Structure formats: C-alpha cells, structure tokens
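**Q** Quick one: the structure is below, questions incoming.
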Amino acid sequence: MFLKCSLRTFCMLTAFFSDAWSHETPTEPPEPNSSKDLYAAIGSSVELTCRDGTSEGLEWRQNGSILVSGPVLHLQNTSLKDEGIYTCYSANGDPVKTVHLKLGYAPSPPEVKCWAPSYPLNALCSWTQSPDPILPTHYITTYWHVDDQQAPSVRSCQRLREQDRQCVLEDEELFSLIPYLVNITAVNSLGSATTILPVLPDRIVKPDPPVNVKATALPGNKVHVQWSPPPTWPDPENFSLKYNVHFYWGTANLASTMGPYEMDSMVWSGLVAGRTYRIRVSAMDAMGYGQSSEWSDPVTITLTKS
C-alpha cells in the first residue's frame, strides 16, 4: 500500500512540476561580454542586437548617453558621424556587448594609369578610387605577359609600403607587340573590385621633367637656356631624349614653344629688352615613344634695357 501510494505521489509530483516547467517563459543563454568590429556601407541601415537571458532592462549607450532602451538599436541612413563604439548594458549596469561601428564603401574598380619614367628599366602604375573606400583596403597588384604559346608567369607589381597606391613593373620586354596585363584588385570588408589594364612598355614612356634649368642673358637681347636630363632617366646615351623649351610672359596667350632640341641647351634671340620671361623645359624620348614629360619648374629672367 505504501509503495503504491508513493508511486502515485511521485507520479503526481512529477506531473505537477512537469506542467509548471512547461508554462515557464523560455530564456536564452546570456551573451558573454564581447567586443567586435562591425563594417557597414555609408547610407545603409544597421541593426545592433544583444541578449542577456531576457530583454528586460537592456539598453544601448554611446559615450555614456542612452540611445535606446531595449535589446535592438536601429541606425537608419548611416553617415560617418554614426561611427564609434556602441555598448549594450544589462539591467544591473554590466556591459553585455560592445560594437565598434566602422563605415565606408565597398571598393569601386580602381582607375589605373601606367607610365615609364625610367625606360627601359621599369614602369610605374598608380591608381585611384572614387569614392575613396575610407575603410582599410588591401590591394592585390600583379602583372603578366600575354603569350599564346605558354602559360603566363604572374609576377608581383612591387610596392614600397602596404598603403601605397603605386607599384613598379620590372624587366619588361622591349619593343614587344604583345601587351602586359596589369591587375589591380581592391579588397576590404565590404567587397572587392578589379581592373585589368593592357600595357605596352613602348607606348607608356613618359620621362620626368628636366632638372637644373638655367637661363643666362646674352648681348643682343638673347637668352641662353640649359638643362640636365631627369635623374630618373637611366641611360640618356643609348636612349636619348629630345626637349622643347617654352617661353612665356604676361598672359597665357603671350607664349612661344621652341624645339625639339636633341642637346641640353639652346639660344633664343629677338627678345624684348625690359621684359620678364618665364622659361620651362619638357623632355620626350628621341624616337617619339610615349609622351612628353610635364614641364619643369619655370625659371625667370628679365632682360635689362641698355
């Protein structure tokens, strides 16, 4: 009888507690106190959530200010002013979760240009992005020679520093009719984008401007102008340059360009006494490959009246 009652009592108690448990509000295990970086696109909507076993008493704060009471914080149409550290606190004031919100853009295809100021040794490629990604962005920079006869050998376009947006192509094949393909791929937390640019070394020759430009007045209203090849041009003896000399005075319409000259000096006559002239020089490959350099910094000379 006792055993029978005990079994019945145990069954009744089991049923009671089972029923009680089945009617409790389910709870989620609390998040450990965590911190993370969150990347999002400018202009997007961001939702920050946290849990602490219950949604009661939770609140999101930034810089000590309460933003919202509850487990979810909505940020609409985000801008750079929304960047920062957001912390969710429990009802007793303990931090539950910290989010460092970082905003920017997914990379756009890089706008790449290549030129060879040190022909024939190497060439440079640089790139820009619009809009700037703002977020930390990594660049994959490679190049290879297109050749139908064999698999391409992919080489790295070298950068001096990781943050540089310029790299160096080395050991190009001269006078090749087959282009190199330059790959610039931008990668960040929001995505990636690639530009592949075909490059023929002979067509991207562009010397740096000449240096050491000097102007000396000569009798008879003449000026002697001399200069030096750009120091980045490695072999002016075998890969010679030609030069243009630009004289201007007053407005932009009052100007004259002389050349090309294959030596490093020239004399211009027929100038006007008392007038101030500004003189600058540009360089170009003597065979006509590529394009002219930018103009050198101007030098100024005033012809005195006799």
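Using N, Cα and C of the backbone, Cβ positions are placed for all residues, glycine too.
TrEMBL does not curate its annotations; it predicts them automatically.
Pulled these features from TrEMBL for this protein:
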- 26-104: domain 'Ig-like' (DOMAIN)
- 209-306: domain 'Fibronectin type-III' (DOMAIN)
- 1-22: signal peptide (SIGNAL)
**Q** Taking helix as H, G and I and strand as E and B in DSSP, count the residues of the domain 'Ig-like' (26-104) in helix, strand and coil.
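**A** Residue counts for the domain 'Ig-like' (26-104) by secondary structure: 3 helix, 41 strand, 35 coil.
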**Q** For the domain 'Fibronectin type-III' (209-306), what does DSSP give as the number of helix, strand and coil residues?
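**A** Result for the domain 'Fibronectin type-III' (209-306), in helix, strand, coil order: 0 helix, 48 strand, 50 coil.
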**Q** Quick one: mean pLDDT on the domain 'Ig-like' (26-104)?
**A** 88
